[in-house]
Amino acid sequence: MTRYIFVTGGVVSSLGKGIASASLAAILEARGLKVTMLKLDPYINVDPGTMSPFQHGEVFVTHDGAETDLDLGHYERFIRTTMTQNNNFTTGRVYEHVLRKERRGDYLGATIQVIPHITDEIKRRIIKGAGDADVALVEIGGTVGDIESQPFLEAIRQLRFEVGARRAMLMHLTLVPYIATAGETKTKPTQHSVKELRSIGLQPDVLVCRSDHPIDVSSRRKIAQFTNVEERAVIALEDADTIYKIPGILHSQGLDDFVVERFGLQCGGADLSEWDKVVDAKLNPEHEVTIAMVGKYMELLDAYKSLIEAMSHAGITNRTKVNLRYIDSEDIENQGTGLLEGVDAILVPGGFGLRGVEGKITAVQFARENKVPYLGICLGMQVAVIEFARNVLGWKDANSTEFDRTSAHAVVGLITEWEDATGAVETRTESSDLGGTMRLGAQECQLEAGSLVHDCYTKDVIVERHRHRYEVNNNLLPQLIEAGLKISGRSGDGALVEVVEAPDHPWFVACQFHPEFTSTPRDGHPLFSGFVKAALAQHQKNS
């Protein structure tokens, strides 16, 4: 019988509901409970797949191929449960489903309304997403008071009433600001945020109070009195020097004990030793490297959230401080490769569109010719193939049909047919919709024995997640191979190029998949770990 913890946020956005929720989930998992998490997004887009990275940040891809909110990445990094398409849904997805049922006549002529039809669909999806977990944490996006969030808040109010207080509770994150001129933290914004919640029938059971200063006992007592929340359930969550400290901070204040007692759960104590090791390795590195990350969305680093975290995990695995030097690929186009001088390795991540592509190609050339360790991901692999074709094969017009459909040497082109994770055949054309039409989700990849990538994984077959609609053109592959390009990974059916390596280079690996989506702080990821090891070797060589 699943218990539900609904998580809301107030006062301001970006308080870290996802991190706080995932940290609590990690503690409950460490106590032996089966835990899952859901993210409910109030925007009207069906999913974030076509949203600008500058507005939404990263699109996290699940094992089963859903394009989801970046918070699902936090969830998978903190708990062992693999997220699916059922763990994230939007207002747009809910309305799309309800309207489709209305068109079919499923409602038998009833007037379709927010209550009960939309709220019932939200509740149905929450219950389905929770599955058979002992505890499901359900995060509602946005801030209490937003018009967009109202159907979700009403739905959780109803569900909380239907399952009862022993199976549902509400955790509310608020901001307790520090006023420097007064020299104290202020509780009034939290009081008003809870007042807003209570006006719609929701009484929080737990308050997590975010602040950049310590919150004293008297302030916590005052918050408890004015919000009708138990004092021990008013949790102070001050800014930490690493997010992986948060499970320990919440546990030290007894949040998991409160949840377990409230739900009447039978479980053991929390063993957070794995998290202690992560924090120790993160804060006490023995080495240091500088890696250039060349992308086009550098104004909003959340666009690369999982990748940045994966590099941090690789640093933890190697007890190495990884300094990422963020370089806009357009700056390389305008200022040259001097921006890359002195780095220990170069990373080119995925992306879409023509802007900044030539800068990425220049970065690849710099890495290949100067023997600097290189890791290319998704588009980072495609530009590696383009660069090789231009500067080794001599095809100066080599390109991708994404950027130039008239190129005589289109070494990268649209995938028109492939098998998805279930074995079903997918087909696409240039006129297909952008939303939900890419090669998505987990796919098998066969690795070439003796290759750099095989040395990293130490496996013949791996499974990694994809999000792309362009691939290496097999028609021109023989010439690329003859010129020395190494194909060290292919799709399970052998039809698509998945990994390439450059000849006569200490460490040059480019992959079509997104390994960052499966990296975790406790386990790291073999490819990123190998990349950081190569950067360490380069650093020692340059020292």
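FYI, residue positions are counted from 1 along the chain as it appears here.
Every residue, even glycine, has its Cβ placed from backbone N, Cα and C.
Copied from Swiss-Prot, the annotated features are:
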REGION    1-265  region 'Amidoligase domain'
BINDING   Ser13, Asp146, Ile147, Glu148, Lys186, Thr187, Lys188, Pro189, Thr190, Gln191, Lys222  CTP binding site
BINDING   Ser13, Lys186, Thr187, Lys188, Pro189, Thr190, Gln191, Lys222  UTP binding site
BINDING   Ser14, Leu15, Gly16, Lys17, Gly18, Ile19, Asp71  ATP binding site
BINDING   Asp71, Glu139  Mg(2+) binding site
DOMAIN    290-541  domain 'Glutamine amidotransferase type-1'
BINDING   Gly351, Leu379, Gly380, Met381, Gln382, Glu402, Arg469  L-glutamine binding site
ACT_SITE  Cys378  active site, nucleophile
ACT_SITE  His514  active site
ACT_SITE  Glu516  active site
At the Cα level, what's the spacing in Å between Gly351 (L-glutamine binding site) and the residue listed as 'active site, nucleophile', rounded?
8
Can you tell me the CA-to-CA distance separating Lys222 (CTP binding site) and Thr187 (UTP binding site), as a whole number of Å?
8
Give the maximum pairwise CA distance in Å, whole number, for the residues Ser13, Asp146, Ile147, Glu148, Lys186, Thr187, Lys188, Pro189, Thr190, Gln191, Lys222 listed as binding CTP.
31
When you measure from the Cβ of Gly16 (ATP binding site), how many other Cβ atoms are you left with inside 10 Å?
18
Give the number of CB atoms, excluding that of Cys378 (active site, nucleophile) itself, located within 10 Å of its CB.
22
Over the region 'Amidoligase domain' (1-265), what does the predicted model average in pLDDT?
95
Note the Cβ centroid of Gly351, Leu379, Gly380, Met381, Gln382, Glu402, Arg469, the recorded L-glutamine site, then list each other residue of that chain whose Cβ lies within 8 Å of it, in sequence.
Gly350, Phe352, Cys378, Val383, Ser400, Val412, His468, Tyr470
Nearest to Glu139 (Mg(2+) binding site) in three-dimensional space, by Cα, is which of the recorded positions Gly18, Asp71, Pro189, Glu516?
Gly18
